[in-house]
Amino acid sequence: MQVGTMDLVTLVVFGSWLAPALASAENADKDYDSPFEYDYESLRIGGLVFAVVLFVLGIVLIVTKKCSCSSDKPRPKAPDEETAVPIAQ
Amino acid sequence: MFSLSLCFQVDNSSLTGESEPQSRSPDNTHDNPLETRNVAFFSTNCVEGTARGIVICTGDHTVMGRIATLTSGLETGKTPIAKEIEHFIHIITGVAVFLGVTFFILAIVLGYSWLEAVIFLIGIIVANVPEGLLATVTVCLTLTAKRMAKKNCLVKNLEAVETLGSTSTICSDKTGTLTQNRMTVAHMWFDNQIHEADTTEDQSGASFDKSSVTWLSLARVAGLCNRAQFKAGQDALPILKRDVAGDASESALLKCIELCCGSVRANRDRNKKVAEIPFNSTNKYQLSIHETEDTNDNRYLLVMKGAPERILDCCSTIMVQGKEQPMDEELKESFQNAYMELGGLGERVLGFCHTMLAEDQYPKGFAFDTDDVNFQTDQLCFIGLMSMIDPPRAAVPDAVGKCRSAGIKVIMVTGDHPITAKAIAKGVGIISEGNETVEDIAARLNIPVSQVNPRDAKACVIHGTDLKDLSQDQMDDILRNHTEIVFARTSPQQKLIIVEGCQRLGAIVAVTGDGVNDSPALKKADIGVAMGISGSDVSKQAADMILLDDNFASIVTGVEEGRLIFDNLKKSIAYTLTSNIPEITPFLLFICANIPLPLGTITILCIDLGTDMVPAISLAYETAESDIMKRQPRNPFRDKLVNERLISIAYGQIGMIQAVAGFFAYFVILAENGFLPSKLVGIRLNWDDRSVNDLEDSYGQQWTYEQRKIVEFTCHTAFFVSIVVVQWADVIICKTRRNSVFQQGMRNKILIFGLFEETALAAFLSYCPGMDVALRMYPLKPSWWFCAFPYSFLIFVYDEVRKLLLRRNPGGWVERETYY
């Protein structure tokens with residue numbers, strides 16, 4: 001019965017000593033791993049923005065250039081006036 | 001077949017192409033049923049008169065029915081572009097099967113199991129097949145068809161869009177196609193001189209001198225001795241467009257007089273008709289008697305028109321410069337010469353004469369009896385001749401000239417008379433200045449026709465009856481040796497034989513026509529072109545292309561567009577095929593070198609069906625590099641759509657550079673992750689093993705299966721993006737086959753659009769959240785995009801240098817080996 005309480009105290013003392021050690025070990029891991037971490041989220045966002053910008057630019061290019069080009073084109077020639085007069089139809 | 005007829009005339013133009021009504025009688029004049037006068041045909045129109053007859057053939061046995069059977073029984077062959085695409089498919093299939101089988105065997109030899117070897121085989125074949133190409137070709141042809149429709153060429157069969165570009169011979173019908181199908185007054189002879197009238201549709205031609213009194217008399221006779229009338233309610237329309245009730249020659253005269261001298265009806269009202277004898281084939285003239293408009297003069301005016309020789313016989317005097325002169329031998333001689341000359345031009349000539357009837361013999365109120373002629377019909381005063389022709393359409397001579405400078409042979413095939421056909425051929429340019437037929441040479445040198453060397457005559461006119469007797473070899477001989485040919489009096493069957501003869505010589509034949517008699521030839525030809533407005537429904541059904549405004553010049557447009565799309569399809573195919581090599585080589589190295597798979601099947605499909613589509617289609621919008629209308633038509637046996645040179649460039653040169661670019665990106669990513677290239681060779685079995693979760697890289701790091709696979713799929717994405725980057729350069733170099741890109745310019749906006757969209761799609765596929773689960777495509781670090789840039793630049797420089805060498809050394813090694 002006294003053995004149980006004594007064990008508990010030893011466990012608590014041991015644990016409280018271990019915790020900061022564990023904490024510091026975690027911090028060290030973080031710094032150690034940093035060359036292996038990469039910010040994929042901002043990469044994705046950046047990439048998607050790039051994709052949307054290019055897409056819109058392409059559409060704009062088509063739409064505006066088509067308008068200005070068609071005003072430059074000469075009016076299509078009116079078809080020659082020829083009739084075939086039907087004979088006694 | 002007729003038993004009885006009275007002034008009966010039929011218009012055979014829908015069957016034979018003759019614009020003049022033919023008179024029919026119960027006499028059997030000819031063995032040929034098309035020529036004889038006692039037979040009329042189903043579906044032709046009766047113009048005037050009455051007749052009674054018996055039906056001798058019905059349904060399929062009629063001439064019309066026989067044409068219909070002939071047309072429907074014809075098998076249309078493959079279009080030239082279909083043949084080219086089939087040839088191309090054979091090449092691609094050959095390469096794919098060869099590679100597939102080779103590596104299948106290699107895989108077996110290297111120790112893979114049967115199932116794995118079969119999977120490799122399938123993978124290689126999938127990578128070899130350009131999946132997006134069929135869609136690309138269809139879209140390219142459709143875009144061209146739309147462009148042609150804007151220019152009033154309706155294309156019924158998509159592949160026919162390209163056929164005109166490959167055409168080397170055009171067989172054209174005359175009536176209604178090359179000509180306007182309306183008789184027009186072309187020449188007049190009076191005052192001992194031939195005068196030319198204006199036959200253009202919009203009266204833009206030269207006018208003749210109208211001041212002579214003789215002309216006024218001539219115009220009066222032509223207007224009065226004429227039963228044609230304008231139909232009611234057409235005063236607002238221009239004269240040439242008005243509908244006329246009456247036969248073709250009289251309509252022509254009516255319009256001519258109306259144009260030159262003002263309202264004919266007013267003139268007729270002022271000179272009231274008292275009696276008339278209508279035209280009949282026995283008399284060969286037409287006569288009418290009028291009251292003059294001069295109220296003080298009580299004499300009657302007798303006017304007469306008809307066949308020139310008959311009119312001349314009835315005349316004793318001739319009007320020159322408004323004064324009556326007795327007819328002498330000299331004047332008769334010049335009349336004969338004029339008549340010969342006008343007849344030789346293939347025109348229909350009519351003579352005109354008049355007289356004022358003496359008042360004492362024919363007082364006012366005299367009862368003229370037209371059945372039992374009780375008035376003078378001789379001692380008349382001859383005025384002049386007028387001749388009529390069905391003139392060519394305005395745009396035709398120019399179009400024929402352009403076709404000939406494009407190397408296309410133009411042949412006239414018509415059912416009309418040889419003389420008219422030859423005259424029109426000369427007028428249109430089919431028989432050019434300075435080229436003579438054997439008959440012309442014989443006439444010029446005054447020697448019999450048999451003595452003329454046939455090789456001297458570049459042009460020839462062949463009658464339908466002669467055609468029947470020709471053997472196939474003789475026909476081939478004629479078609480080969482003469483550059484300018486006119487076939488006259490041909491039946492629909494013979495038109496077909498002519499087309500077949502041309503096709504036998506290896507030509508690609510276009511036929512233009514508008515009547516029922518053209519339909520078998522239209523169907524048999526490689527491309528049949530029908531007139532949209534004046535064409536019969538039968539011909540429009542049989543044809544592959546319809547000219548919506550009847551403008552023959554649209555054929556030139558068709559040729560230009562056809563040649564352009566053929567060139568652009570070559571470029572498009574070269575572009576699409578190039579990406580096959582960077583798709584196949586990962587698989588090959590995967591099998592042989594046992595490296596982790598550099599490019600997966602999903603990414604291959606993203607290229608073929610995703611990013612490569614828009615740039616490939618945009619190449620169809622490229623403008624021509626050099627003047628395509630100055631080239632000869634392509635030789636269907638030698639100039640193929642896809643030849644070994646194209647394959648050598650696409651697969652052997654540019655494709656290889658692209659593959660290296662992809663592999664470069666692949667190795668860079670794996671190296672950055674810790675797997676140096678040396679470590680990768682032979683690692684495949686462990687790499688793909690699910691149970692190995694501690695695979696070591698060059699730095700000793702251990703990788704689980706999932707982690708490795710993420711790197712592998714990132715490599716697939718990077719390989720895919722590298723292909724996109726090198727395809728930028730590929731589409732720019734494929735814009736031109738000979739010119740430099742700087743010469744051609746970047747005016748093709750669709751291409752630039754394609755470049756942007758391609759890149760946007762690649763970025764989207766890489767970076768969109770969820771792509772890693774859906775397609776297993778992972779976001780790429782920006783630096784990895786730039787891996788392929790130097791290779792892209794290399795492709796551009798390589799091809800520019802190649803094209804520079806090609807331009808500097810025409811006919812040299814570079815051109816022979818690499819110009820596709």
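For all residues, glycine too, the Cβ spot is worked out from N, Cα and C.
The compositional bias 'Polar residues' annotation in TrEMBL covers B:13-26.
Residues or ranges marked as domain 'P-type ATPase A' by TrEMBL: B:9-71.
Annotated domain 'Cation-transporting P-type ATPase C-terminal' per TrEMBL: B:596-805, in sequence order.
Residues annotated as region 'Disordered' in TrEMBL: B:13-34.
Annotation source TrEMBL lists transmembrane segment at B:88-112 (among others).
Residues or ranges marked as transmembrane segment in TrEMBL: B:118-141 (among others).
Positions annotated as transmembrane segment by TrEMBL: B:646-669 (among others). Counting only same-chain residues 6+ beyond the ends of the transmembrane segment (B:646-669), those with a CB under 8 A from a CB of the stretch are 91, 95, 570, 573-574, 577-582, 585-586, 589, 598-599, 677, 680, 711, 714-715, 718-719, 721-723, 725-727, 730, 733, 784, 787-788, 791-792, 794-795, 798-799, 817-818, 820.
Among the features that TrEMBL reports, transmembrane segment is placed at B:710-729 (among others).
The transmembrane segment annotation in TrEMBL covers B:750-767 (among others). Outside the transmembrane segment (B:750-767), and at least 6 residues removed from its termini, the chain residues within Cβ reach (under 8 Å) are 606, 610-612, 614-615, 617-619, 621-622, 717, 720-721, 724, 727-728, 731, 735, 775, 777-780.
Summarising the annotation, TrEMBL assigns transmembrane segment to B:782-798 (among others). Below 8 angstroms of C-beta separation, residues 653-654, 657-658, 660-662, 664-665, 668-669, 718, 721-723, 725-726, 728-730, 732-733 of the same chain, each at least six residues beyond the ends of the transmembrane segment (B:782-798), sit close to that stretch.
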*Using DSSP, how many residues in the domain 'P-type ATPase A' (B:9-71) fall into helix, strand and coil?*
12 helix, 15 strand, 36 coil
_Could you tell me the mean pLDDT the prediction assigns to the domain 'P-type ATPase A' (B:9-71)?_
78
